[in-house]
Amino acid sequence: MSALYAAGWVVTFRLKSDHSRLALGITRCGEAIKNLSTALALFLPLLFLNCLFMYLAAATNKPLMDSSFAYIDAALGFDWLAAVRTLNSSSIVASVLMFSYHAIGPLMIGLLFLLALSSDADALMEFIAMIAVSAVFTGSMMMAFPTAGAYAFYAPSHETYSNFTGMGGLLHLQTLTTLRSGRPFVFHIAGAMGLVSFPSFHCALGIIVAYSYRRIYWLAAVVGALVAIMIPSTIPEGGHHLTDAIAGILIGLACIAIVRAVSTKRRHATTLVTEG
């Protein structure tokens, strides 16, 4: 990352006195490289720490609370099995939902690059800050309210979700069981997987990503629509209870509010210092 940043710095330094159109274009690329290297230097360690935190949070012997969240879902009038059967009845609907569910990773990577290219360093840091805050909220709540997920709780037959992979709701179960057993476990970042059932980290990230894309006008509406589809996809593809999804949405909104408040105070303080 330091080499990447140094390359960007050299480019911008060498061309700072050249105001030709070509030089300005190259300088902008240099600034983008500096922004991207800074963002990656923060984002990659954050990604590692987030995964490690989730694994540590999952290693608890507290009783699973899936029955409580299933009860809340029922109180809200939501039937998880019926919802999955309905969504599974159309292969087209299932394909669209699966695509949107698995799009969150590419959307985040794309956002990092696009914000770097826009030379909006504040927006880039704001996005990373929201990811960090959401990870703290999610890991803490995951530890306080452990769940295995709706697939583990309802144990539906394969025909119920045959048009979905169910990977988000099933793939983590063996790892989760091992962590909860207290047996020795070796953490490898390359093999890390999502362990969060409550709250839905997917939904929290979706809200944050949709909000962060607002600065990229030509993509904002498309990303917003994709996230709107992604949220219900967390039920059949991610194996979340409805309560998980609602909690994830609320966490995403809370993270936006917190980071915006801090950013506003920082800008106000900077203005006072500048004027003073």
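Cβ from N, Cα, C; glycine included.
As given in TrEMBL:
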DOMAIN    69-257  domain 'Inositolphosphotransferase Aur1/Ipt1'
TRANSMEM  35-57  transmembrane segment
TRANSMEM  93-115  transmembrane segment
TRANSMEM  127-154  transmembrane segment
TRANSMEM  185-209  transmembrane segment
TRANSMEM  216-235  transmembrane segment
TRANSMEM  241-262  transmembrane segment
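Among residues of the same chain six or more beyond the transmembrane segment (35-57), those with a C-beta under 8 A of the stretch's C-beta atoms are 1-2, 4-5, 8, 112-113, 115-116, 119, 121, 124-125, 128, 131-132, 135, 138-140, 142-143, 179, 185, 187, 189, 192, 194-196.
Recorded stretches compared: 93-115, 127-154, 185-209, 216-235; the one with the most Cβ pairs under 8 Å to the transmembrane segment (241-262) is 185-209.
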